[in-house]
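Undergrad: Sending over a structure as structure tokens; questions will come in a sec.
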Amino acid sequence: MLSTNRQKMVGLIGLLIVLLAAMWMSIVCGYTDTSWRQAMAALIDNNGSNAHLVVATVRLPRALIAAVVGASLAMAGALMQALTRNPLASPGIFGINAGAGFFIVVMVTFFSISSLQMLSWIAFIGAAAAAAIVFVISAAGKDGLTPLKMTLAGTAVAALFASLTQGMLAMNEKALEEVLFWLAGSVAGRKLELLTAVFPYLAAAWAGAMLLARHVNILMMGDDVAKGLGQRTNLIKAAAVLLVVLLAGGSVAVAGPIGFIGIMVPHMARALAGVDHRWLLPYCALLGGILLLMADIGARYVLMPREVPVGIVTALLGVPFFIYIARRGIAAK
Amino acid sequence: MHGLQAKELTLSYGEAIVIDRLDLTIPKGKITVFIGANGCGKSTLLRALARLLKPTSGAVLLDGKEIAKQPTKEIARRLAILPQSPTAPEGLTVLQLVKQGRYPYQTWFKQWSDEDERAVARALAATGLKELAERPVDSLSGGQRQRAWIAMTLAQETDIILLDEPTTYLDLAHQIDILDLLFELNEKERRTIVMVLHDLNLACRYAHHLVAIRNKTVYAEGKPEDVISRQLVKDVFQMDCQITYDPLFGTPLCIPYGKGRRILQKEGVS
């Protein structure tokens, strides 16, 4: 673990360099391998040739989306784990992916909406609606938002939306075909406009998370200690929930549900940077971006020339990791 | 004299009333210990005094002003609370934990000052944790861990410190160690200390002021040597005992009746 602030800063800069390198790899690697020089030329002086077009309209948006979505999902995961004080928590626990999926399927089935731009907003609204329901249910009662109530309410709401979605898809095969691509989660085939539409919300949430970091550290010591230190814990929790909705809801809107980044990355970041969220959150952002970029590059090579949705690659990476965390948790007790 | 007071305080969990119209004044600069049977509401009362629990009716006053109506951060600069068996996040170091005690002094603009640094150094010195500052809290022994949490409340630099069963899960040597530490803090720095203790004999030794809770209110309060009696123990704990005096300190010592091996003649202790 990096202990001094100086070491942590150096580590952060190192990760930033790795992130940029991964973005560059994401641009040049793939079915049509692009040379470094060509990619550079396409970015700086696009001559409209086929190769240049691939770089500017396919590869570049893909790399940017993977980096931004990976970073946002990882930060959302770290906030969720702090809020629920549960190391296995992810934004999925708030029903964010399930809510987005449900809203998408409803819209496709009943209103035949198929524009990706529209669907992305619907996904965002669905994510926010699911999280709002979870928040209201778990805030009810005398103790307010306890980690246990949040986890229970979230799991129940997520299961409800997921089963409704499956039921509707089972009855409507046409919708199934249309939304299956979306439900698998992918950073490919998305236009840059999708990202630019939600980017202001994501960027605001990044900044908000950094401002909240110090307060999250206090919350991690338990509600009583935090209240004793003069924290208005419900206010901080509500702010953290809002940030999770922006980060994870924005991500799901752009790339569909991509699992496991939110669970895995905070653990990696803690191993490097420790438990202080002022360092943990930026480490999560960079590591999350790197991991999703690498998973997406891997997705191009698993079944070459076909591509695997990146959500499946992260799941393949994530499941063993999940089991490792769970077993370590058991061993620690 | 103001300090911390409860006025007509009623506390409840859901429908069940735990404390009923209780009046209490915590003496300034003294060690006050709450005693009572399990479930009598002494921890609930302590939590309410620390504004962790909202009163159903009545009020907690700090220097004559209602605690619930003042900014909670301002209260945190005058009153610290150490809840029962707190847990630190995995990997948090002692220094990081103690630094959290400065939270009430930080604002968006002023994040860490020299005064914060000095307060943390003082808290580590007072609890003898300087050498362990970089160790993770979860790697410490139970006694050291409790010292680290006490150091965090000390870094808060409050006149009043409330502790909910600070000696739970500690062996006898570490119980004495923690109570000695608190006694010294009171002696040297005149801090008002209020705590819940289960061990009646240790309560009698360390408390200037004893508060016995029964029937949702204060049954008796005062100096341990004035309030402890066979009758009090019988009423508060539903237990028969004999009261004698601590041979080292002269404070009241409660010897419970009951079963057990006997190697003296009956009534052999005089």
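Glycine is no exception: its Cβ is also placed from the backbone N, Cα and C atoms.
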Undergrad: Any idea which of A:153-179, A:234-260 is down as transmembrane segment in TrEMBL?
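TA: When A:153-179, A:234-260 are checked in TrEMBL, transmembrane segment belongs to A:234-260.
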Undergrad: According to TrEMBL, transmembrane segment applies to one of these ranges: A:27-44, A:63-80. Which one is it?
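TA: Checking TrEMBL against the ranges A:27-44, A:63-80, the transmembrane segment one is A:63-80.
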Undergrad: Would the transmembrane segment (A:280-303) and the transmembrane segment (A:92-113) count as touching if the test is at least 3 Cβ pairs under 8 Å, pairs 6 or more apart?
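TA: Contact between the transmembrane segment (A:92-113) and the transmembrane segment (A:280-303): absent, because fewer than 3 Cβ pairs are under 8 Å.
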Undergrad: Do the transmembrane segment (A:119-140) and the transmembrane segment (A:63-80) share at least 3 Cβ pairs closer than 8 Å, excluding pairs fewer than 6 residues apart in sequence?
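TA: When sequence-distant Cβ pairs are counted, the transmembrane segment (A:63-80) does not touch the transmembrane segment (A:119-140), since fewer than 3 lie under 8 Å.
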Undergrad: Residues sitting near the transmembrane segment (A:92-113): Cβ under 8 Å, six or more positions beyond its termini, same chain?
TA: 80, 84, 86, 119, 122-131, 133-134, 150-151, 154-155, 157-162, 164-165, 168-169, 172, 175, 178-179, 182-183, 241, 244-245, 248-249, 252-253, 256-257, 259, 262
Undergrad: Below 8 Å between Cβ atoms, which of the listed ranges A:63-80, A:234-260, A:310-327 makes the most pairs with the transmembrane segment (A:192-213)?
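TA: Looking at each of A:63-80, A:234-260, A:310-327 in turn, the most contacts to the transmembrane segment (A:192-213) are made by A:234-260.
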